[in-house]
Amino acid sequence: MIHQITRAGKSLLAAGCTLSILFASDSYAATALNVSQQPLFLTQGVAPNLLFTLDDSGSMAWAYVPDGISGNSGRAGRSSDYNALYYNPDYAYQVPKKLTLSGDQIIVSDYPVPRFTAAWQDGYAQGSTTNLSNNYRPQWGTGWLGCIDSSCNTGRAYYYTYKVSASCPAQPVSSSNSCYTYNALPTSQESNFAIWYSYYRNRILATKTAANLAFYSLPENVRLTWGALNTCSIGANSRSCQNNALLQFNKQHKINFFNWLANSPASGGTPLHAALDRAGRFLQTNGTAYTTEDGKTYSCRASYHIMMTDGIWNGRNVTPGNLDNQNQTFPDSTLYRPQPPYADSNASSLADLAFKYWTTDLRPSIDNDLKPFMAYKSGDDSKDYWDPRNNPATWQHMVNFTVGLGLSYSLTLNSAPTWTGSTFGNYEELMAGSKAWPSVDNDAAPGNVYDLWHAAINSRGDFFSAESPDSLVQAFNKILTRISERNTSSSKPAMTSALQDDGTGDKLIRYSYQSSFASDKNWAGDLIRYKVESTSTGSTKTQEWSAGALLDNRAPATRNIYIASNSGTNRLKPFTWSNIEGSQLATWLNRNPDKDNQADTKGAQRVDFIRGQQNMDGFRQRQAVLGDIVHSSPAVVGPAQYLTYLANPIEPSGDYGTFKTEADQRSPRVYVGSNDGMLHGFNIKTGVEEFAFIPTAVFEKLNKLTGISYQGGAHQYFVDATPVVSDAFFDGAWHTVLIGTLGAGGRGLFALDVTKPDDVKLLWEYDSSTDSDLGYTFSKPTVARLHSGQWAVVTGNGYGSDNDKAALLLIDLKKGTLIKKLEVQSERGIANGLSTPRLADNNSDGIADYAYAGDLQGNIWRFDLIGNTRNDDPDTNTSINPFKPGDVDPSAFRVSFSGAPLFRARADNNTRQPITAPPTLVRHPSRKGYIVIVGTGKYFEDDDAQADTSRAMTLYGIWDRQTKGESANSTPTIDRNALTAQTMTTEANSTFGSVNRNIRLISQNPVKWYKDGATGTANSDVASYGWRLNLEVNSSKKGEMMIEDMFAAGQVLLLQTLTPNDDPCDSGSTSWTYGLNPYTGGRTSFTVFDLKRAGIVDSGSDYNGSVVSAFQQDGLGGLAITQNEQRQSEACTGDECIIFNPSDKSNGRQTWRVVEEK
């Protein structure tokens, strides 16, 4: 629909405003273009080092945990309530994975399920067997036990359960056999018991299986070496260690690891110091730790050590001293003074050794380019540095993840830090240092167990205390999740807010819906709802649900996934094999993507996979059901969008008030596109997926999702664009309609009626089979009322159409038929396509009058949607000759200025500057016409990942003077020489309060609109037609571009730029957030951003007395504009919200609100 914009100093919904715009967003692609099917901002990356140490001590052969119950092998020892290693009838034991190599392809299968009458005593060796039906004897230490009760003399497998009673306390005890009830194993549990017996019965078997199940899905880009406490040294590359050199975890090296793991023995002591020291020295001395097979050295390679043990360390033969209790200077020049939770009074503990290999630059000869892991941000950089949950180290160092099996019983000292089940569960107590780490020594309990925990903290890792096979699997999985590549997304968050009564009836509660993906997790995606609350130093986010986690735990058959149908009132049918068998879609799904789409008969299985079935043989092994969400921002559908008094005049025959009353009561949804082939609709309160739709335009490549090769370079985009939601009128009633596009996923768009969230209807689909001029649908549509009377979807045709044309498409909202196509002139031989349009309502009557859009050839086009000559006067907002909807025939719609562009964007070297972001409009300060603001840049082809430093991209503000509805047959010749130039004068690093930032200063050159002595306002009187700002600092061209939406908020133009970076030791791109004067393109006269996160914008955020116009800010996908609880304006990325001032009089609480982008 239509939204108003402001002149300087007015509210964004000011009563006297005479210009309205219909918002929309980006676009991309073309047949002559090489449209990337992977996120361009993902560099190949540098594979991390992972060192794995297994405890192979003699106690690993024992069949009980913890050590302290060694004398309690009676009934308690044969109950999982007391001995967590014993068979648990409530747990479904999983067989481990077996990996074999076929050519270059890893084949993953399951180890066989043992027979109950012949279960292997070691499921990996598969030698001796036991008949569990008549010859079962429990294992305790390294030997076997006989039966206790006469009821088990038959020798059938059995277990005991503990029952709480007046004489049997809640905590299971071993002293009273009467508290335990004997259970002969029922027939239904025979297979489960046999799996436990062969693969989990004792510590070494349980550890092997837990590691097996975690490591089989470890990303192949990780580099792995392994070792044990007694029998194998890390990095030895010996045959006895199965050739354990530090290599990428793929092909034969992966097979070697699993073979070594399966054959690891259990004998010897527990020399953890020597093992940790070996790992650290390997990273410090072995040349392969930071080089690749091609000999390149990378300074950003992270290194992690996983050390698993079941016991209390002994054999302390490494004595580093009491390092964590000594003053020292870290490699980044940070001064360390002993402080909690790092320091203690113990000398040469595991914690000291871990501290040594974290604080020491293990390779001082190479640069310190490791990326800090700062998951917890308080707004105080110094506090965040010392937060043990973060890892600020940029130098080469080792992070330890320690795992203790059956050791939680030792973590109970009242005088020591309180163990609550996780490393930082008692975070406040740890940071306060109110309880000291206990003393340690050889075989000392419980101090040596606390030392494992302390060692993880001192190296910025994690400690896991596992008591059962299940918790051991979870521990390994959590470690590998932490090590894996950070999740990221190229979409901005959806921000919603609501007033909540806090006693004053005036507390604004905000929610953020943040999408993400993880390429290293086989393209897993997620959508998370956060509650966002402001603090004195910024804002905090509290997760309320994860849609990805909820989908992983949902039965595929219960999902509501639909495709188009030619029948039925909703024109939708469930996506099941029975509904598509015999169709063209079934033919496409009966193709093997790993064998050049050869026909097979697995279409039904592929349907099951797409619906969410996991662990299917021969198909891709995903780590999550929800696919990657890269460029699609969430769209929230809740109450009605508009005020009744504004909506009713647009459709006098409709009753928006009644519609609004009903819509305000509907169950809210959040919709987002994903590259699993679907548009998803989630319940906004619970995160449960309520609806999903697979567009017809992606049918042909759905089978690719199942391919084993998909993890590599075979990734595809599917529904990779932001849905647009708008209220509109048709069929005699108001509706809420969602328009979906595909981005790089395909050449199509679709419309869904989402008025009733539990009764979604498909209105239509429009794709390249209907219109060959439709390219990849990067252009974000706008829903608008036209002067012809129709409600329409107005969109650019995108890139990659059959003829590489550029055109504005007007599609009937109800029918999906083409109302009008306005094709623009394109230079032949150069790919073209129209980007996202911005629509303008000239007199605020709710009907679109103009559309502005750029194209790939660097032209800015205006489209007249008014018809014949109109005589509105926007300066006074007086409609002299109003038009009613339906007065204009669509044939009167045309390209303005007789088919000529308003402006041609050319760089200083006269090369074309592509325009892929939508324009933004502001009222010209003279009240004559509008300033059309555009930025240049392109970021969707594979080559765009390489920064173009041959020229600078530019921000432009172009004065369109002919906007009164008059015939505009020509426009003045405007080139960059007719524009006032602004420049970036300074780029610097500075600290604001306690926050360190990279910032930029920009010139403040005045724009002289009219010539000196001019007495009129004719074109001949004009001195400048606008402004321009090259995206370069001191003529240094780094490839910075503008590809996202801009926002004109009051007297500030807000935008985010992107600079590609293909250095594997750097992020794939960097982003800068700008706050400019929209009327000059230069520096504002007032401070814009709260750079110091103080909760107020003042001169403390200036640099050397000058207003900062830009700062480097993490997060991709552009900005979301919102307000915090104090009604202060905030610009948000996925990573940070920062307060900004929209005008020189708007510091503090705001009385205006930001209009959401449409």
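FYI, residue positions are counted from 1 along the chain as it appears here.
Using the three backbone atoms N, Cα and C, a Cβ is placed for every residue, glycine included.
According to Swiss-Prot, the protein has these features:
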- 1-29: signal peptide (SIGNAL)
- Asp841, Asn843, Asp845, Ile847, Asp849: Ca(2+) binding site (BINDING)
Provide the three-state secondary structure of Asp841 (Ca(2+) binding site) computed with DSSP.
strand
Select the most exposed residue of Asp841, Asp845, Asp849, where exposure means the fewest other Cβ atoms within 10 Å, treating these as the binding-site residues.
Asp845
With every protein chain in view, what's the tally of Cβ atoms within 10 Å of the Cβ of Asn843 (Ca(2+) binding site), excluding that atom itself?
22
Is it possible to get the count of other C-beta atoms within 10 angstroms of the C-beta of Ile847 (Ca(2+) binding site)?
26
